[in-house]
Amino acid sequence: MDWPHSLLFLLAISIFLAPSHPRNTKGKRKGQGRPSPLAPGPHQVPLDLVSRVKPYARMEEYERNLGEMVAQLRNSSEPAKKKCEVNLQLWLSNKRSLSPWGYSINHDPSRIPADLPEARCLCLGCVNPFTMQEDRSMVSVPVFSQVPVRRRLCPQPPRPGPCRQRVVMETIAVGCTCIF
């Protein structure tokens, strides 16, 4: 890299890393005023509309969205394709990926929600973007994420008592990606 480019790079880095302190019109530092909920400081978590919603409302909405996706999977008129192909005409990212995937329903009656959509890779290899054919020099692997679910905890039959629920994190395949 020649020296003008090096100098420009150094200047850009120094501007980016320089501490920024707000100043008032006289050039003095502003005092520590009351923190604004819209402008978080270095030790504050930004407050947005989502974080102001009560946690149970977000969980209900999350479960409703999962239920809608499961209903769409059950009611889908499209046959479950198990073919390794990319369809660039579709807007769904799982069908346009170089490691396409489909969804199946993961059912567990002791879980709330009992049904979760789970990704399954449609290819052993990955789709070559130049030939649009499966290339087995790479491998399609599922991408996992942890999702919150509620588990029903009921006492065993000799012990009477009501069932309880506990929120736990469950690992679910959410998509597929290519690896070498």
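Yeah, the Cβs are placed from backbone N, Cα and C, and that goes for glycine too.
Between Cys121 and the candidates Cys176, Cys178, Swiss-Prot records the disulphide bond with Cys176. Highest Cβ count within 10 Å among the disulfide-bonded residues Cys121, Cys126, Cys176, Cys178: Cys126.
Within 10 Å of the C-beta of Asn75 (N-linked glycosylation site) there are 7 other C-beta atoms, taking all protein chains into account.
Among the disulfide-bonded residues Cys121, Cys126, Cys176, Cys178, the residue whose Cα lies closest in space to that of Asn75 (N-linked glycosylation site) is Cys121.
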